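Asks: Just dropping this structure here.
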Amino acid sequence: MGKMPSFSRRVWPALVLLLFPSTVSADESSVLDGWHDVWLFRFLVNMLGYSTIIIPGYLLISYFKRTNYIERGSGICYPVIKACVFGNEANIGLLDDVSVSSRNEGDSGSSVRQAVKLIFCAAGLQVSYLTWGVLQERVMTRSYGATTPKYEGERFKDSQFLVFMNRILALTVSGLWCILFKQPRHGAPMYKYSFASLSNILSSWCQYEALKFISFPTQVLAKASKVIPVMLMGKIVSRKSYEYWEYFTAVLISVGVSMFLLSSTTSRHPSTVTTFSGIIILVGYIVFDSFTSNWQDNLFKYKMSAVQMMFGVNLFSCLFTVGSLLEQGAFFDSLAFMTRHSEFAFHAVLLSVCSACGQLFIFYTINQFGAAVFTIIMTLRQAIAILLSCFLYGHAVTLMGGFGVGIVFLALFLRVYARSRMKSGRRPAQPLAQKV
């Protein structure tokens with residue numbers, strides 16, 4: 001018999017260990033350790049874990065629809081199956097314009113009270129997301145447990161566990177909010193949240209994973225430029241049309257980001273190097289995040305609040321991530337890392353708290369002051385985040401790169417200004433449940 005091809009010799013041990021971990025020797029186990037350092041392999045393993053939940057779910061939903069279960073079903077499981085598969089189709093329609101009425105009530109108050117509210121919202125958003133950004137970079141780019149110069153400690157590598165931590169706390173917060181405050185009667189079939197949930201998980205995973213290859217300022221600029229694929233995805237998914245100034249500012253943003261990326265130089269610190277893998281992962285983040293926002297926008301045709309959207313998306317996110325983590329054995333490995341390094345446990349919990357609180361501040365700010373004020377606050381937050389990261393972690397920005405950053409934020413403020421000047425009778429868009 002001929003020799004086994006070199007590609008097969010490399011892939012076979014990894015596949016055997018993945019399917020039959022107890023039958024593999026220690027030498028072959030080291031092969032998988034090498035594969036786990038490849039981000040594409042980790043991505044595919046995560047997708048395999050999600051598919052073990054998605055495929056059975058798809059088959060069940062198809063069965064219930066094909067057999068017309070909503071007409072003939074009965075019993076204790078009927079309400080659950082109806083809510084998950086069919087929903088309340090009669091509840092489709094635009095949500096009552098609560099945000100506008102609330103905002104009008106707020107406008108009738110004193111200017112001092114409104115100023116205090118605005119300061120509260122701005123401070124809450126800035127503290128939540130600036131802390132979140134600093135912690136995100138700390139967790140993904142620095143070691144834990146370094147006691148001596150010879151022992152560099154160990155890095156936390158599982159981005160999916162951080163996504164799970166964020167989502168489980170956001171699920172708890174949104175669930176309590178729905179219980180404590182009156183919400184519209186829910187009408188959407190629950191399974192429809194799974195599409196936005198899966199894309200949101202993948203975008204969040206890409207966001208964490210990208211920091212292993214690129215600098216945090218590069219990631220922030222890429223997030224600022226996601227308006228371009230959002231517009232493209234809006235044309236494809238939602239059949240939207242856009243104004244000329246939206247295309248103009250999108251071009252300005254792409255020019256600014258390109259200037260920053262081209263000016264990136266290799267320095268002594270590895271986190272400042274923009275690699276090809278980092279660019280690919282960033283593209284994945286932008287594509288998945290663009291799909292998430294457009295799918296959520298379509299879901300708002302059902303009568304629901306933004307917090308209900310937050311709950312539904314996070315519910316499926318927890319289901320997908322915990323299932324995948326348990327199947328890989330990574331859940332208990334991550335918990336063991338937390339027990340070894342109490343500093344990491346504190347950072348992971350605080351990261352999740354900032355994410356959940358930030359989402360609530362998003363809803364409150366848009367409810368009180370509208371989307372334009374919220375966008376200005378978040379744009380300022382992105383600029384401050386870049387400066388803070390450069391100060392804390394020593395990222396170098398060239399003159400050309402700084403000019404590119406300036407162009408990006410100029411374009412973002414132009415978008416806010418142009419949108420506020422438009423005389424339109426359209427109702428304000430619902431705030432999306434996932435922003436980070």
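Glycine too: its Cβ is placed from the backbone N, Cα and C atoms.
Below, the features straight out of TrEMBL:
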type	residues	note
SIGNAL	1-26	signal peptide
TRANSMEM	42-64	transmembrane segment
TRANSMEM	115-135	transmembrane segment
TRANSMEM	161-181	transmembrane segment
TRANSMEM	244-263	transmembrane segment
TRANSMEM	269-288	transmembrane segment
TRANSMEM	309-332	transmembrane segment
TRANSMEM	344-364	transmembrane segment
TRANSMEM	371-394	transmembrane segment
TRANSMEM	400-418	transmembrane segment
Asks: Does the transmembrane segment (244-263) come near the transmembrane segment (42-64), with 3+ Cβ pairs under 8 Å (pairs 6 or more apart)?
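Replies: In this chain the transmembrane segment (244-263) does not contact the transmembrane segment (42-64) - fewer than 3 Cβ pairs sit under 8 Å.
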Asks: Please give the sequence-distant neighbours of the transmembrane segment (161-181): residues at least 6 beyond its ends with Cβ less than 8 Å from one of its Cβ atoms.
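Replies: Residues 139, 201, 204-205, 208, 307-308, 310-311, 314-315, 317-318, 321-322, 325, 330-331, 334, 348-349, 351-353, 355-357, 359-360, 433, 436 contact the transmembrane segment (161-181) from elsewhere in the chain.
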Asks: Need a quick answer: max count of Cβ pairs under 8 Å to the transmembrane segment (115-135), which of 309-332, 344-364, 400-418 is it?
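Replies: Looking only at 309-332, 344-364, 400-418, the most contacts with the transmembrane segment (115-135) come from 344-364.
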Asks: The transmembrane segment (42-64): which same-chain residues, six or more beyond its ends, come within Cβ distance under 8 Å?
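Replies: Sequence-remote neighbours of the transmembrane segment (42-64) are 18, 36, 70, 73, 81, 84-86, 160, 191, 194, 198, 201, 205, 209, 319-320, 323-325, 327-328.
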